[in-house]
Each structure stands twice: as C-alpha cells, then as structure tokens.
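For reference, Swiss-Prot has these:
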TOPO_DOM  30-442  topological domain 'Lumenal'
BINDING   118, 119, 120, 121, 122, 149, 224, 225, 226, 227, 228, 293  substrate binding site
DISULFID  191-205  disulfide bond
BINDING   256, 369  Mn(2+) binding site
DISULFID  278-281  disulfide bond
DISULFID  329-352  disulfide bond
DISULFID  334-435  disulfide bond
DISULFID  373-381  disulfide bond
C-alpha cells in the first residue's frame, strides 16, 4: 500500500501540536510561579524545624582516624517541599527587589540617607522601631530596607503597615529557617557543642576538626547573626539595584532599636559637620548606651572619639568608601573567632583597616536600645516597659530636640582600643568559607 504525504497538512499538524504544547507549558509555568510566590499559602503553613529522616542508619568509617571503630552514620537529611519553596521565594524576592511607596514612573532615587534594619523574629520590638520611624521628621525622604533572616506572616504584616516612606524587603538566603537540618543550620551530623575534640574525631561528626578557641563546636543560632550582618553589608552596597550609583550614607539598625523624632534632622547636621570640621572621621554613630536623664546643654554637641564596638555599634552609618575598606578585610572578618559582628569589627580596626576608626557621635543619643532580651540576655521581654521609658525621656526633653546647629563638644585623643577577649563560636571552616563567598555572589 502506498502512503501519500501532504506537506501542507504535515506542517499544519506540526504547528498545532507545538502551539498546544506551548500553551500547556506556559500555563504550568505560571501556576508554578504563582504557587511559589503566594505569601498567604506559605504563611498558613509553619516551616518545620527539621527535615524528614530515614528510619535506618548506615555504617561509615571515620575518615580521619583509620584505627577508629565503625560508627553509625546519620543519613543526610531530606529537604521538605515547603523549605524548598521558601528558598525559591527568597531568591525571587531578592531578585525582583520590589520597592513600595514610591512613584511607579521609574524616576525615584534615594536621598542622602538609607536605613537598613536587620530583622530576626521579634515582632514586638520591630513594631516599636516602626512606630519611632513613623514619628520621625523627614522620614518620607528616607529609603528603609528591612533585611530578614526569618519568614513570618506577622512580620510581613508589620512591614506592610509602613506607608510613610519608601520600603524594600530583602532576605538573607542562608538562614537557619531555609536550611533547618543542614549547614548553615544544624546538621544532625554536626558535633555536639561541648564534645571534646578527641571524642569528636572518634565519633566522626563532620566538623570534628574545627572547634573554636575554647574547644566548643558551632551553634547555628549564634553563627547566623554574623553571617547575616556581613551578607547584608555586601548585598545592600553591591546588589540592591536602586543603590548602584548611590553616594550617600547607609545607617545600619537592628529590630530592637528605637529612634528619636529628630534623628534625621540631627544626622544631616552631623554629616555636614563631618565634612566641614572632621574630614578624617570614618563613621557616624547616633548614640551610645550611656544612660542620661537630661539633654540640657548637650543636645547640640557631638564628640569625636575612637570607635569602640561596645559603645558605638547602634546606628552605625557608613559611606561607600568606608564599606569598600571593610570589604577588603573579608578574610580577616570571616576567620576571626568571634560570633559577634561588632567585636569582629573592633578587631579589624587593629588588624586590617588602614587605621583605627574615628567616629562622630552625639552627646545626647538619638538612638536607643529597646531590646532587654535576645541573644545576649536571659531576661523576659518587656517591650512596653522599655518603650515607655524611652518615650518619657524624649517627652521630658522635647524642648531640646531639633537643635538649629551642632558643634563639636570634645575631641578625644585617638588611640587603638584593644578588642575584648574574643568570644569564640566561629571556629568552623564552613562558616569561614560561606562568609567569604558573599563577596562573590551575584
């Protein structure tokens, strides 16, 4: 039997099949993207703290001790679908960088100050910070970037309530929440914190070779903050699109800070004073932890001091030049055995930066630490009590706020400050390498 082939019919049939395939593919692609980016669905399901593990265990020989006995090996954890969807969502949001509360014509650009707030999971304090921002004069001119290491419906709702200034949310892509059962989270194959190194080598846990200076193994909950801070520093200066040609300052805050209503007014005058009378000042700080009761006689005064991590880590403002000098110290920052980002910076001022930092700081603080609980505290959180005390101080001194001019009150001798004894918690080579990698990330 002879078959007759009609080229026109074959061509038409081919085009019809291709069109049907494209429609099916594109509809599935849109559905997958919509599913991945739907906050209500993600927020309605709690993210589990660990993946699912197989019931049986294998046997492996310790690689660094040929004479060691065979030990059970914990299998590599599986990653549940919800965790993968969170990772996908974070990647997409960091790529899209959707600005809110700005004109949609594409002509908006940031002013002379950008705020970057490091946010974990303390919404009660974040609410106070947002309230203080809402009361700040001139805040409509300021871009506020919230950098998160925890996805939360409550926190996202709080950020959505910010309608008084431009807002951008970015997300630390290597958080414990996104890697709950593997590094940089807590891998079940990791060594227990207090296990001795010899015992760890015999056990064969994966980081047995890398305890910290005090013989302890890493704890992810402590490592994360330093990781987040360094990633955020690089990301906002190098990867936030709207800041690519930015020449102003970036003010770094944390979720438990509280700002005075004249902080921006004072900041602009500090910046002008720095340019005119202290060109050698490297950084600006909005205040210290010193308790004061009255702004009388000091509200218009700033001091020039040697930067000290335990005093000047709140409201730290950096220029691009200061950032570029810092980022050149990546290896030193990422290998220094202290899980505190600020104490590590103190070490950099001695070991890597061209000189010790000179800071310009107001005698009457325009920033306050509302968080009396958290990583370094064991107290019960009392945000309402703290905020009431701060508000009382500001109300009692409102006649001294918004000074017309600023003057340098005192210039202290510049001298290197020895960093406090390092705290450890940062001996794991995996932390070192991940930290270094942020500079290479696109």
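Cβ coordinates are placed from backbone N, Cα and C, and glycine is handled just like the others.
Under the DSSP three-state reduction, residue 334 (disulfide bond) is assigned to helix. The Cβ of 329 has fewer other Cβ atoms within 10 Å than any other of the recorded positions 122, 224, 226, 329, 334.
The Cβ of residue 228 (substrate binding site) has 21 neighbouring Cβ atoms from other residues within 10 Å, across all protein chains displayed. Here the candidates are the recorded positions 118, 120, 228, 329, 334. The one whose C-alpha lies nearest to that of residue 205 (disulfide bond) is 334. Same-chain residues at least 6 positions away in sequence with a Cβ under 8 Å from that of residue 369 (Mn(2+) binding site) are, in sequence order, 256, 257, 258, 289, 314. Overall, the recorded substrate-binding residues 118, 119, 120, 121, 122, 149, 224, 225, 226, 227, 228, 293 cover a maximum inter-Cα distance of 36 Å. Taking Cα separation as the measure, residue 224 (substrate binding site) is nearest to 334 of the disulfide-bonded residues 191, 334, 352. For the disulfide-bonded residues listed here (352, 435), the lowest count of other CB atoms within 10 A around the CB belongs to 352. Summary: among the disulfide-bonded residues (191, 205, 278), the fewest other C-beta atoms within 10 A of the C-beta are counted at 278. Annotation for residue 281 (disulfide bond): spatial neighbours 274, 304, 358, 359, 360, criterion Cβ-Cβ under 8 Å with sequence separation of six or more. Between residue 435 (disulfide bond) and residue 226 (substrate binding site), the C-alpha separation comes to 9 Å.
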